[in-house]
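**Student:** Take a look at what TrEMBL says about it:
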- 7-26: transmembrane segment (TRANSMEM)
- 85-103: transmembrane segment (TRANSMEM)
- 110-126: transmembrane segment (TRANSMEM)
- 132-154: transmembrane segment (TRANSMEM)
- 166-199: transmembrane segment (TRANSMEM)
- 205-225: transmembrane segment (TRANSMEM)
- 237-255: transmembrane segment (TRANSMEM)
- 261-278: transmembrane segment (TRANSMEM)
- 290-309: transmembrane segment (TRANSMEM)
- 324-340: transmembrane segment (TRANSMEM)
- 352-371: transmembrane segment (TRANSMEM)
Amino acid sequence: MTEKSKNIAFYLLTGLLVLSSFWSIYKYGVDVPHWDDHAVRNFVDGFQLKSFFEIFSFHNEHRIGVTRIAALNTDWVAGRLNYKALMYTGQLALVGLLGIYIYLKERFKFPALLLFIIALFIFNNSTFENSLWAMAGMQNHWVLFLSVGSLLLLIKSQFTEEGQKLWFVLSVLSSFLAMYSSANGLLTAPIGLLLLFFIGKRKPMLIWLAIHVVLVATYFIGFQSFGMSKRPHLEDFFLNLFALAGSLATPIANINSPMGLTQIIGLINIILAVWLFFKLLFRKNNQTEFLSYIALTSFYLGTMVLISVSRSDYERQVLLTSKYKVYSLLLLANTLFFWIKKEKIEAINKSFAIILVSGLLVFLNLQFSFLDDLKATFRERMADQTNLQLLGVPYLPENNALTEAILKESFITDASKIDSIALQKESIDFFENDLRSESENFVLAKGPTPNQLVPVNPDYVFFKSQSKGTAQLFLYNFPSDIYQLHYLELTDGKVKIYNAQKTIRIEGVPYESAPKNW
């Protein structure tokens with residue numbers, strides 16, 4: 001197979017990966033607000049031009065101006081805030097990040113195989129928590145693209161005569177937008193300063209420093225810290241960092257890896273990145289390649305450092321979730337991308353199969369290990385959308401099939417038939433032993449006035465769903481009343497409702513924590 005044929009094949013496969021990621025949003029994404037999405041909805045509903053600068057105000061420790069601008073545009077174009085449109089917009093940022101690596105591949109003549117490995121590590125199901133959550137996708141994906149793009153534009157501005165000022169201005173603008181995407185966008189300022197220090201040009205360094213002193217100082221006006229009540233001990237910090245950097249290795253075959261193994265892999269991941277830094281530092285032939293590596297690695301590793309500190313109050317297992325996993329994957333993929341040089345094409349050809357198979361194994365493990373999470377997220381969001389539609393809220397699309405079926409059904413709740421009482425627990429669990437794999441399954445608690453739909457999530461053994469499953473009804477602030485239980489099956493857009501012949505009285509549990517900002 002010729003080199004040209006390989007390039008074409010890998011570009012086609014990369015395109016399929018990108019399309020498959022958008023197809024996942026199409027299939028599993030639901031147009032409904034989730035957690036912080038409600039804060040964005042409240043902002044859009046109350047927005048007026050006279051309060052324009054509220055776009056750049058804080059949401060927790062982040063200034064989410066880019067998310068709010070996208071939400072306002074979506075509201076203006078569609079006539080309402082479409083959360084699925086925001087999911088697609090967030091995914092476009094990952095396409096932009098891939099475009100940056102395509103630029104680097106062409107700029108430094110890297111083999112297309114490495115670009116394909118990058119795509120395998122970016123476009124897989126492990127990003128589901130960001131991709132299927134409108135605000136998270138906008139915030140966490142766009143800060144990646146804007147920060148990395150800003151740093152590479154800065155490098156370009158220092159090694160080109162034509163349009164030098166334009167590239168520098170675009171770099172500063174991208175840096176500003178990165179800061180107002182997510183708090184880790186602030187890393188762009190010191191990393192850019194580090195790059196200019198290595199380049200050795202004093203004037204651009206002073207200009208960059210002056211501009212970003214103003215931007216960063218302005219950013220922190222009115223800042224309040226969220227999510228961290230105490231700083232971690234040094235040992236805890238490193239254990240957090242190693243776990244985060246090794247999160248690419250869990251789960252394996254849908255089974256969570258031991259924390260110790262994950263941390264060892266994370267340590268190896270970081271050591272490889274640092275080792276390559278020194279290898280490129282003493283390689284004399286390409287300064288822009290070295291600077292590009294510093295830019296990307298510093299941002300990925302720097303973000304993991306910030307997460308390890310700011311999320312120190314969380315259980316360490318939370319650091320392994322899909323919200324942060326992309327940084328672990330990108331750190332390793334980026335190391336591989338810059339490690340294997342074009343001039344070592346013979347070595348690449350010899351190990352071609354090993355590199356390709358290893359990348360595919362990582363991809364397939366992530367793809368199938370998180371498939372049940374995609375499905376569970378879809379069921380959860382469908383239940384959320386149905387519950388909100390039953391309440392008659394005005395900011396959702398037309399009633400879905402579940403809502404229509406529930407509204408058409410005649411329900412009778414007979415208090416004389418109470419056969420169970422649920423008291424003062426955080427949740428009630430419902431068990432089903434005869435799930436149909438082709439259907440999405442739900443439990444409906446139907447009361448005289450309130451209703452609550454909860455998804456039934458099947459058990460999984462390796463990658464295969466089982467006929468047994470569990471639904472969990474949380475009782476925080478749940479309306480105390482008598483409820484008749486029903487079982488719903490959703491198959492190809494059609495709903496069947498079964499009376500479970502069970503009537504229970506549910507006592508809600510007061511929610512005593514401070515109210516969230518959504």
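Each Cβ is built from the backbone N, Cα and C atoms, and glycine gets one as well.
Keep in mind it's a predicted model, so treat the numbers as computed, not measured.
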**Student:** Can we call the transmembrane segment (85-103) and the transmembrane segment (205-225) in contact, meaning three or more C-beta pairs below 8 angstroms at a sequence separation of 6+?
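**Tutor:** Answer no, regions not in contact.
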**Student:** With contact taken as 3 or more Cβ pairs under 8 angstroms (pairs 6 or more apart in sequence), are the transmembrane segment (205-225) and the transmembrane segment (237-255) in contact?
**Tutor:** no
**Student:** Given pairs 6 or more apart, does the transmembrane segment (324-340) have at least three Cβ pairs under 8 Å with the transmembrane segment (110-126)?
**Tutor:** yes
**Student:** Could you give the residue numbers and ranges of same-chain residues that sit at least 6 residues beyond the transmembrane segment (290-309) on either side and whose C-beta is under 8 angstroms from one of its C-beta atoms?
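**Tutor:** Hits for the transmembrane segment (290-309): 104, 108, 144, 147-148, 151-152, 154-155, 183-184, 187-188, 191, 194-195, 198-199, 228, 231-232, 237, 240-241, 244-245, 270, 273, 276-277, 280-281, 283, 319, 324, 327-328, 330-331, 334-335, 338.
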